[in-house]
Amino acid sequence: MRKYLVRFLPHLGCAFFFSMFINLLALAYILYLRLLFDKVMDSRSMETLFFLTAAVIGAYVVSGIMEVFRSKLLVRIGVKFDQIVAGRIFGSMLDQSVAAGGEKHTQGLKDLNSIRNFLCGTGIFALFDTPWVPVYLAVIFLFHPLLGYLACAGALLLFLLVVVQEISTSRMQASHSQSAMNTDQFLSSSMRNAQTVYAMGMFPSMSRQWKQYNNQDVYYEDVLAARNGFFQSMAKFIMMGTVVVIMSTGAYLVIIHEATLGTMVASAMFMSRALSPIMMLGNAWRSFVDARLAYNRLNELMAEVHTHDDPQLPEQDSPEKPETCRAEGISLHLAQMPVFQDISFRLSAGEMMAVTGPSGSGKTSLARVLLGVWKPDQGSVFLDDISLQSFDQALLGRKMGYVPQEVELFSGTVAENIARLGEVDSPSVVDAAMQARAHDMILGLPQGYDTRVGEGGIALSGGQKQRIVLARALYKDPWLLVLDEPDSHLDQGGRESMKEVLADLKSKGVFLILISHNNELIKLADKVLDMQQGSMRRIE
């Protein structure tokens, strides 16, 4: 993350430059008050009054314009930062979700929002204004040393309060952030499985568990609100008390003829201005801590997995269609436990291999390795003589087809789903649907290929989803097609159609990997790879 933030240092420097002039112009009003009391009131000069008033109004106009530019600049920085980093974070989240043994990370984009909101919020204004605190204190010293010492004492006391606030709330804030993430994950899981929850009478237990998560969130929120409220109240007390002390001391100095009335008023105004950035820093401390925690989490995320550049489809032409697909001694471990070991086979174009074996024998994991989603710990998968690791993943993915065991559709139209969320090539979409024997079924939907499915779309049966997913896998004529229990949601008519699809694909020279327990489909295979406890028992 650091290398991305460094790019914006010149822009942040420009915002700091604006802040410098804003603070310099803020001196105009305070000096105006001093001159008003010490010069104009004594001389009763209308010309001086008019000149000073015009000057301070001009300073305020310029200051207002600069504040507008500073705000717009920081907003643009936040937006540009989001545009540069969001795609990389999204890609890293996907990498971590599919990585062997990796935990799903759904917090990344929320963390990015926390950083962007801090860059666009009042917290960064406080950071820009804080370096001016010594300047204001130095000016008060010039008015009178006693006023300067009192001002420094007040500023130091307020700064120490901010430090104590950090010590008191940082760990609690981190715990609250982690608790909120856990609650969001539990809630998302509950919503995804809502039908199962109701069907199996799990609502009372799910509700009870959610209340435990929520009560923990509320506890952290309550403690943090109480602590931050206390520190904010103390900060207001210190700020107001310091200003009162400065004002009363200034009045005392006026009485003993060591200061003027203008000095008294200006010192109080300078004191208020000096403490404001520290006060703002305390008020914005929570957003600062949130941004810091988010920054650390994103660093961990992007260090653990491959960092993506902006995702774009490759422009190079596809290589020639391979004639052979082979695996040589591939092995995979998850969480240091072997999933499968020493798997080898060879397929020619148009051959189909059925992968059989009991549940937990590593069949689905093998499918992910063959698709290039997971990298084997040993061995390699080759298309002709080229290892899958040598291909660009985006290019390779366009030449692969996959029907997973758990079929899901993305939010969008049927055509967009078949086109893999890319630019819809209507002839290719229809061709894929016809190959999957899904064309007539799709035309029977309310808007045909333009029917919205997925979240916010119409409800489809498992068989309808499976046919659309099969069409998606066949889009643009893939080289290799992996089908994981492709008939699990199909009726007898659907299974017969599946046999026809497999026969057509074999005639087109597609490499077919079929994971199934259906003997009728297995009989169509040219080879059978039987897996037992992660080992290749036989291939025939």
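Think of each number as a place in line: the chain as shown, counted from 1.
The backbone N, Cα and C atoms fix where each Cβ goes, and this holds for glycine too.
Please treat TrEMBL annotations as automatic predictions, because they have not gone through curation.
Listed features, source TrEMBL:
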- 12-37: transmembrane segment (TRANSMEM)
- 15-290: domain 'ABC transmembrane type-1' (DOMAIN)
- 49-69: transmembrane segment (TRANSMEM)
- 118-140: transmembrane segment (TRANSMEM)
- 146-164: transmembrane segment (TRANSMEM)
- 237-255: transmembrane segment (TRANSMEM)
- 325-539: domain 'ABC transporter' (DOMAIN)
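Contacts between the transmembrane segment (118-140) and the transmembrane segment (146-164): present, as 3 or more C-beta pairs lie under 8 angstroms, all at sequence separation of six or more. Remote same-chain residues near the transmembrane segment (237-255) are listed as 140, 144, 146-147, 150-151, 153-155, 157-158, 161, 261, 263-265, 267-268, 271-272, 275, 279 (criterion: CB distance under 8 Å, separation of at least six residues from the stretch ends). Per-residue pLDDT, averaged across the domain 'ABC transporter' (325-539), gives 85.
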